[in-house]
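Reviewing the structure listed below.
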Amino acid sequence: MTILSPKDVVIVDGVRSAMGKTKNGMFRHVRADSMSAELVRALVERNDFDPRDVEDIIWGCVNQTLEQGLNIGRNIGLLAGIPKTAGGQTINRLCGSSMQALHTAAAQIMTGQGDVFIIGGVEHMGHVGMMHGVDLNPEASKHYAKASNMMGLTAEMLGRMNNITREEQDAFGLESHRRAWAATTEGRFDNEIIGIEGHDEAGRLQLCTVDEVIRPDATMEQMQKLRPAFDPVGGTVTAATSSALSDGASAMLIMSAQKAKELGLKPRARIRSMAIAGCDAAIMGYGPVPATQKALKRAGMSIDDMQTIELNEAFAAQGLSVLKALNLTDKQDIVNINGGAIALGHPLGCSGARITVTLLNAMEQSDTEIGLATMCIGLGQGIATIIERV
């Protein structure tokens with residue numbers, strides 16, 4: 001039995017939307033801020049606490065413009081009916097934005113700057129494209145390879161460096177879809193997905209509760225027919241072994257252990273350690289390796305202590321390279337057991353909290369105690385969180 005100290009940071013609950021296709025998907029008529037507000041309301045409804053206790057709403061979002069602009073974190077709180085006394089901020093660490101939101105809230109709790117936080121993230125890549133309004137400095141090419149801005153080519157680089165074959169990537173991608181669909185049909189996502197109204201292909205209103213990007217009918221034969229998506233001459237990375245562009249949001253209720261006890265709320269897990277790390281931008285997908293190593297050191301653990309792992313699948317070549325570097329190639333039965341971003345999609349600002357929520361549910365379903373959530377970040381970073389069930 002884990003004994004909690006008053007300032008331990010605990011996860012009380014976590015939710016997410018289903019993941020929608022970016023192109024003509026089920027959330028094509030739903031705004032990013034509206035989708036996020038639904039999740040915040042769900043956290044309040046699912047947990048018996050006074051929202052006046054919320055110190056801050058911290059939201060991850062990458063492209064902060066259009067409907068995602070003007071501090072979407074604050075707008076979400078107002079839309080959700082959270083008392084105006086709570087603050088709201090928006091964080092950007094690219095793909096790691098909502099995990100950084102978790103880390104920021106945790107650090108504030110640890111240092112006595114609040115006890116109750118709602119964190120999360122969103123990206124509506126159908127409404128706000130990944131490169132919308134982006135103007136990169138031409139001088140950046142003096143400091144890192146120009147192709148470092150092209151995520152698919154960084155995956156190709158990692159694949160070549162680690163001798164990851166096309167066949168291995170196709171098998172990895174196919175398994176992601178298989179696991180995700182099995183988790184869907186067996187109800188393993190039911191506790192984390194909050195139904196949000198969207199539209200079907202014909203435009204009819206529907207409650208969206210199933211991830212739209214999963215391909216339950218995917219076969220190896222289909223995947224092998226696809227051409228390389230980023231390097232047409234010698235490439236091995238295809239659309240089927242890349243995380244899908246998608247629309248989605250995630251949210252978590254975080255507080256100090258002392259506050260949870262006062263409110264009579266049962267924590268589901270505590271945060272054992274957190275870390276970020278940088279690496280060469282040309283191999284940005286390697287970032288989870290140094291970030292995980294830092295987090296393990298801070299927790300006084302080794303990779304062998306991790307019982308369940310969520311590794312964001314930016315690309316199969318990237319995921320397999322990270323597994324190889326962390327000596328997890330032969331332990332893929334504990335990694336992304338409910339599928340990953342290749343099958344579920346990767347709405348940039350959403351994914352960090354999403355994989356942490358999925359990790360927590362997977363740990364409860366598998367009855368494991370220690371888990372790791374980690375992900376790569378564009379331009380050469382990684383982020384990692386180790387949690388322990390309580």
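Cβ atoms here come from the backbone N, Cα and C positions, even for glycine.
Not measured: the values here are computed from a predicted model.
The active site, acyl-thioester intermediate annotation in Swiss-Prot covers Cys95 and rests on sequence analysis. Residues annotated as active site, proton acceptor in Swiss-Prot: His346, Cys376.
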Message: Helix, strand or coil for Cys95 (active site, acyl-thioester intermediate)? Use DSSP.
response: strand
Assigned conformation of His346 (active site, proton acceptor) - DSSP reduced to three states: coil
- line: Cys376 (active site, proton acceptor) has its Cβ surrounded, within 10 angstroms, by a count of other Cβ atoms equal to 33
Task: Please report the number of other Cβ atoms within 10 Å of the Cβ of His346 (active site, proton acceptor).
output: 27
